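*Asks:* Before anything else, here's the structure in question.
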Amino acid sequence: MAQNDEGSNSKEQDHLLPIANVGRIMKQILPPNAKISKEAKETVQECVSEFIGFVTGEASEKCRKERRKTVNGDDVCWALGTLGFDDYGGAMKRFLHRYRENEGEKVNQERVDNNSGELEERPIGGSQPRNYNLD
């Protein structure tokens, strides 16, 4: 019986975000001297994993109805709005727009770099941290 418990626990863990990632995100929000209990990390881990599954399921259903196989960022934004998370949907749309702009700049720079060895290389955020301020 112990193996069944371990097996079901392992399957449950497969559907959760890694606890280390959850803890790292929590630490970024809290003051530097704050402590986070294991129970708090596990509770947040379960909640955010469930939330992601909930939103993804809604986006996936939209894609299924439209006979598409790939869920994209626009589908996730739509799902957030449909589920009543309009504030998050708006923030996600702004992030997605900036992300796509950034990716377009990187692709264009790679084309320039690959097409001519004489052109000066211009970093597009290379080693600099990207700021995705959504305000």
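Here the Cβ of each residue, glycine as well, is placed from N, Cα and C on the backbone.
Automatic prediction, not curation, is the source of TrEMBL annotations.
Features from TrEMBL:
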COMPBIAS  100-123  compositional bias 'Basic and acidic residues'
DOMAIN    17-80  domain 'Transcription factor CBF/NF-Y/archaeal histone'
REGION    100-135  region 'Disordered'
*Asks:* Limited to the domain 'Transcription factor CBF/NF-Y/archaeal histone' (17-80), I'd like the whole-number average of pLDDT.
*Replies:* 96
*Asks:* Counting by DSSP, what is the helix, strand and coil composition of the domain 'Transcription factor CBF/NF-Y/archaeal histone' (17-80)?
*Replies:* 47 helix, 0 strand, 17 coil
